[in-house]
Amino acid sequence: MFQVQKELASHEAVIVALFEEEETSSFVQELDKAFEGQLQVLLEEKELSTKKKAISKVHSLGKTEVKRYYFVGLGKKESYTTETLRSALGKTFKTLQAAKVQDAAILLDSFVTEKLDAIDVAHIAAEVQGLGTYELQTYKSDKKDRVELEKFTAITAEDAQEIEAALTVGYVHGRATNSARTLVNMPPNVLTATKLAEYAVELAEKYDMDYKVLEKEEMEELGMGALLAVNQGSVEPPKMIALIYKGKEEWTDVIGFVGKGITYDTGGYSLKPREGMVGMKGDMGGAAAVLGAMEIIGELRPEQNVIAVIPSTDNVVSGTAFKPDDVITSMSGKTIEVLNTDAEGRLALADGITYAKKLGANYLIDVATLTGGVIVALGNHTTGAMTNNEELFEQVLEASMETDESIWQLPIFDRDKERVRNSKFADLNNSPGREGHAVMAGTFLGEFAEDTPWVHLDIAGTSESSGAHDLGPAGATGAMVRTLATLVERFGEE
């Protein structure tokens, strides 16, 4: 699909950057020769817009071998960022998709500044081409034909091999994010814990990873009472899924991802209202993020050891379901007083974290659609983070900045630990109250990470979008897939 060339050839469409600046760029000046000065006229008349994310289409009318040009406004160079580029190109690729373009090129060097080099631009362009044109996988009987971009050429004076490598990495990041999106969008009667486990096994076998899928009996033997409690009301069997990627000869410095895999959450006996229940098929967004990251890792083969653990079940009401006031025993041996059955994700993750440690994880990152409280605190564009290790958190933060997936650190104080440890009947309680809800959930998980360096990522606000945006349609976003993979790719770098 991807090609790298030094000069333009015949294409259906070519993408060119336009910045707000006094002098027209050399790229536009060169094109303007073929247009006999008409591009400059269009700029002066403001029919070619340089404003951020503005897209101006110009037909060549036979003056060049290119059928039409798409000029992408990027605003002022001093305010140009990777986020600006991602949004602008996402919108551009949506436009090309709507026009059914199958052969496109990008004047890569026209997007290069002191802040962004050609490798950055190539990576982002390939990544965003997949993200921006993603479509929901629906179950409608009347399916529309989809025209795909079949050929994408980067025009650049830079080293072709380096640009090709960046295009490949970007493409893999975008495709895996879309894989996670598709999982989150699947209905809960289709994506059960069993189906999620089957998907994970197929992924592991495709990329020659080791894997384990624990059944209920094995969980009972290991004492996974927290996950099993959540599963008590369900006819669907629970699964504890583990994928093991060995990127080094020695099994050291192992990064452990733990993704919440609640395939549907009714709230249990702490029942959600109807409006709060619809959409809870997405409560396995953390599991999807982890599997998306493992897809990238499998494709790119970084020299790093990684474990992915997914505790999976649904949380439903029945005569056998767990109840408020129950006391359960987790795999760690710590007992938990259940005050809220709708705080089930942290129970499943507690056993997932302990299991990841048992498998050898030296670092832990859990990802979960965990609390509505994080949405109240941070909105729908920022993931909440908590940690017991600032050095590990800084690496996660740097990865998130590289991928433009915003995260913000929330605190854990001793008084927060006291609240989750406040129980007359058990070591911990799973829901101390509404105040500081997001912080309480993360603090609870920290009790199971213990001294292992750990970062908690609450993606309840960022896992799904209520409306279409530059990088995709309404629905699942694939939040944190690219950040997790980038963390592994960059882990330990100075």
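Keep in mind that glycine also has a Cβ here, set from the backbone N, Cα and C atoms.
There are 15 other Cβ atoms within 10 Å of the Cβ belonging to Lys272 (active site). Summarising the annotation, Swiss-Prot assigns active site to Lys272 (among others).
According to DSSP, Arg346 (active site) sits within a helical segment. The Cβ of Arg346 (active site) has Ala368, Leu370, Asn430, Ala441, Phe444, Leu445 as same-chain neighbours under 8 Å, each 6 or more residues away in sequence. Taken from Swiss-Prot, the feature active site covers Arg346 (among others), and the record attributes it to sequence analysis.
Classification of Asp265 (Mn(2+) 2 binding site) by DSSP places it within a strand. According to Swiss-Prot, the feature Mn(2+) 2 binding site maps to Lys260, Asp265, Asp283, Glu344, an assignment based on sequence analysis.
The Mn(2+) 1 binding site feature in Swiss-Prot is assigned to Asp265, Asp342, Glu344.
A 10 Å cutoff on Cβ-Cβ distances gives Glu344 (Mn(2+) 2 binding site) a total of 28 other Cβ atoms nearby, all chains included.
There are 19 other CB atoms within 10 A of the CB of Asp342 (Mn(2+) 1 binding site), with all protein chains counted. Same-chain residues with CB within 8 A of the center of the Asp265, Asp342, Glu344 CB atoms, the Mn(2+) 1 site residues themselves not counted, are Val230, Ile262, Thr266, Gly267, Gly268, Ser270, Lys272, Asp283, Asn315, Thr341, Ala343, Gly345. The distance from the Cα of Asp342 (Mn(2+) 1 binding site) to the Cα of Asp265 (Mn(2+) 2 binding site) comes to 8 Å. Considering only the binding-site residues Lys260, Asp265, Asp283, Lys272 (active site) has Asp265 as its nearest partner by CA-CA distance. The local packing around Asp283 (Mn(2+) 2 binding site), expressed as other Cβ atoms within 10 Å of its Cβ over all shown chains, amounts to 25. Neighbours of the Mn(2+) 2 site: apart from Lys260, Asp265, Asp283, Glu344, residues of the same chain with C-beta atoms within 8 angstroms of the site's C-beta centroid are Val230, Ile262, Met280, Met284, Asn315, Gly345, Ala348, Ala368, Thr369.
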